[in-house]
Ligand SMILES: *Cc1c(COP(=O)(O)O)cnc(C)c1O
């Protein structure tokens, strides 16, 4: 007789196809199967406990089984689980739209819901495109993105992505986009040179082709999947100004950076930038449920106002657009963030993490430690002096995060970058334990101590 755990492992390997996972390799290992979570801890079916050191892939805000969020979900469930927003409304979707309009950068007054960051980005792209059409401008059809950008995995979102590993296979299916360099200070000769390269390229592009460009999409302040790259101060603001000067819409993809993650409610707030469109996801529901939102200014929205016959309607929607359960939980999450003054508290937590991780800079294979709020990336390099990267086949990031798992913390790498993105609710004590594991796992794999210690 198989134990229940063995049965689950067999079923998982037989039927479940995991995202961003080489299944051949996955099937040859022993899968980690999570059964429950509480606070910043997750527990697997064998009862082993792990810190959620990446907020379950950048989502979680208040921890798992947060009583207030659980209660909000139960309360809404006693009313209705789902109704449509096509031509009608529901209570939590209205309340949340009002709340998002109130807390987002000025001008963003309209909220269009969907169910993931990628769909939120698709919507922003289609809105920007149709905004110009509806105004009678058929020239503005192109998009600008940044090198190493990540905006999600649907075809439209991938078209404005610029990570070759994720995009190349699908290239024939994607629409072309202009790509400007991302200001990678570590790789592009420091803050000033990196920023000048970005702004210079954007300026030239807009001067030459500005009138063909519908919108520019950017991950504000921190480029997540590209390797937790932090923009030099002032860069986002200058980019926004350049877009404005050339009449190009600015789309801020705050899917990863939104809801306190960077130390402000939204990363755009750090430089007082007000985009024309803003995409929210991940932390919107505290990381509980699949709700995303695309926020638009009145100016964008007004371009869709017309007589029925004119067909300027935004013909887009999803079955679960504005799901009441998700919206109710999002409202509870935002209420909790306010009550606990969580955004204000991030600075002190971030400073604690920075202090704890600082000694890692002395290690022979730690090239760069990048941090904005509770978003951290530690880039490992084969040679510190020349900044030579580890080879892909070294799998250094994978090894470091697997070591962290053995030591009791979950995270996923981005190539050679070890990601540390704890839930915003993490206490100093919990951050202390998690950063100890980050440090130990990096030391172990870069100094070749993995095998010894086992
Ligand atoms: C995760 C992410 C997305 C995609 O969100 P999904 O919910 O996974 O579709 C888009 N943009 C950014 C910046 C992200 O980090």
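The backbone N, Cα and C atoms fix where each Cβ goes, glycine too.
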Residue in 52, 253, 383 which TrEMBL records at the pyridoxal 5'-phosphate site where 117, 118, 318, 319 also bind: 253
Entry from the binding-site residues list 282, 318, 412 having the most other CB atoms no farther than 10 A: 282
Maximum Cα-Cα separation in Å among residues 117, 118, 253, 318, 319, which the record lists as binding pyridoxal 5'-phosphate: 23
Nearest-integer angstrom distance between the alpha carbons (Cα) of residue 118 (pyridoxal 5'-phosphate binding site) and residue 412 (substrate binding site): 20
Entries of 317, 318, 319, 412 (binding-site residues) sitting next to ligand 1, with Cβ under 6 Å as the cut-off: none
DSSP three-state assignment (helix, strand or coil) for residue 317 (substrate binding site): coil
